[in-house]
């Protein structure tokens, strides 16, 4: 977010750069990649983090088209409902005894209704449901994209990613709120964390009203949007389609055949964020970590140990044991050493 804000501040320096075209493409792809990965994920925090990545892609892409004020507007509205979403997720994870797997959850709304209320509203705001905070910024961004003179790839990326947002949100709601409770014990589920609830209620109000409030306050002049009816309704169409698909995907019973296993390689590709960690993190780390492990094994625990501390210690220990036995004043050893000494002296004299 800091990077997005920095680019918003420096938007005048970025005008008419070729770099912006690449930024538009990469941020659009980031938006889609994060959305797809979130649909395959079962970790509650990771789903919300990937959702944040998707929204940052949205901000960067609209910024690279030159609409810096829309990017800032979405940054602010997104801050409201995403902060609320993270707080709700934190409360749920804490009450679930630190379980983050959404397959272990379900029926949460029965036990923690207020937290569930906050979570549902923030999730719907994220989807861009009309008249919540996310709607004002997201809808305007997508309508400006519809009005812009761009190719079909960017258009497709935007609307597909919007559908995906609805997809993983409905999937999350189904897993958390609608499905039966899957844990064995329910001791920790109670809605009494009032410190959190107070903050969450403030953010809840902001998630409801900040969009309309900021849209009146932030723009010098209203955006003139002129679109045909089908394009104007496009956002609602893709959201509805995404929602229905998310519902159908999540409506699986415990004995249902997992269709994802049929396309295991593809699922693996999507769930690992298009193998990006293997290129950036794991791919770079592996060789260095492997090399350092070999160094540690062969040098630290190997030769350096033998020729330094451990080796010297074992030599001294061995000698001290010998001297100790010798110094126990054992008469036989004393006489034997005396005879040896005499023999040594005689040989020396004879030589």
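Even glycines carry a Cβ here, placed using N, Cα and C.
Because TrEMBL annotations are produced automatically, they should be read as predictions rather than curated entries.
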Pick from 225-249, 300-324: which stretch is listed in TrEMBL under transmembrane segment? 225-249
Tertiary contacts of the transmembrane segment (199-219), as residues 6+ beyond its ends and Cβ separation under 8 Å: 69, 72-73, 76-77, 80-81, 83-84, 87-88, 91, 114-115, 117-118, 121-122, 125, 131-137, 140
For the transmembrane segment (108-136), distant same-chain residues with Cβ under 8 A (at least six beyond the ends): 51, 55, 73, 77-78, 80-82, 84-85, 87-89, 91-92, 95, 162, 165-166, 169, 172-173, 176-177, 181, 186, 189-191, 197, 200-201, 203-204, 206-212, 214-215, 235-236, 239, 243
Is the number of Cβ-Cβ pairs under 8 Å between the transmembrane segment (47-67) and the transmembrane segment (156-178) three or more, considering only pairs separated by 6 or more positions? yes
The transmembrane segment (13-35) touching the transmembrane segment (156-178) per 3+ Cβ pairs under 8 Å rule: yes
